[in-house]
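Down below is the structure, laid out as structure tokens.
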Amino acid sequence: MTEMRFAANLKWLFTEVEFEARFDAAAAAGFSGVEYASPYAHEPAELRRRLGDAGLTQVLINTPMGAPGTPTRAGLACVPGLESEFRAGVERGLEYADALGCGLLHVVGGVVPPGVGRDEAFARYVANIAWAAERADGTGVRLVLEAQNKRDVPGFVLDSQAQAAAVAEAVGADRVGLLLDFYHLQVDEGDLIRTYRRFADRVFHLQVADPPYRHEPGTGEIGWRGVFAAVRASGYDGWIGCEYAPAAGTVAGLGWMRTVAE
Ligand SMILES: O=C(O)C(=O)[C@@H](O)CO
Ligand SMILES: [Mg+2]
């Protein structure tokens, strides 16, 4: 069976130290891969050097998003009228992914803007993702789409894993797949194991956190032993991003990897 590979999400983990120091901290804690949503405040060469010095693989980055509290805080792929900003964001994401040797770019969907119908926003989303898929073709970077739960992100453009999978299928399932985040799936849909199995062949990346508080696996309501057994049994060979808020310190909280994920 395939060995599971965990990536430290440096936006969420190792926040005990400054962002620049999180690479070494992740490597010292035993991680060999990292992800973070937004590399854009840093020069690619600096990030590449930090990855290299720490011996880490950059697993995933996101396309640029607006600041918290702004209409594009969860991405702009579904926002009519911002097509050129969306395209510039994809270009920037691909440029960083290339510089960091990162194989996955999360094209973040966005929140349906006030005054825009859901159908109109969804149609814009599909058209933008199709453009991004064409643009990424031949770059070596694959795109991922994530359904985010509507309790935390009200109005998010994607309703479900099924809808995300249908968009990936429509625009080219060889280069666009799912970022399946078990936290969002549990909050909005449940039925984790069956849903995972249904879409396993579309999943390019997984993320974990346990509701209700989005802490480490094993701190909340998900039956992780069964979930990880299903992931192993599927032959999943991608990374699993640790995108959670440590309950009481990052390193102190890593024990779940030897207990619920073993
Ligand atoms: O919030 C999440 O879940 C994510 O994976 C983020 O990268 C979305 O921006
Ligand atoms: Mg996520």
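Just so it is clear, glycine is given a Cβ too, placed from its N, Cα and C backbone atoms.
Taken straight from TrEMBL:
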DOMAIN    23-259  domain 'Xylose isomerase-like TIM barrel'
ACT_SITE  Glu146  active site, proton donor/acceptor
ACT_SITE  Glu243  active site, proton donor/acceptor
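Looking only at the active-site residues Glu146, Glu243, the densest Cβ neighbourhood within 10 Å occurs at Glu243. When the alpha carbons of Glu146 (active site, proton donor/acceptor) and Glu243 (active site, proton donor/acceptor) are compared, the span between them is 13 angstrom. Note on the domain 'Xylose isomerase-like TIM barrel' (23-259): its mean pLDDT in the predicted model is 97.
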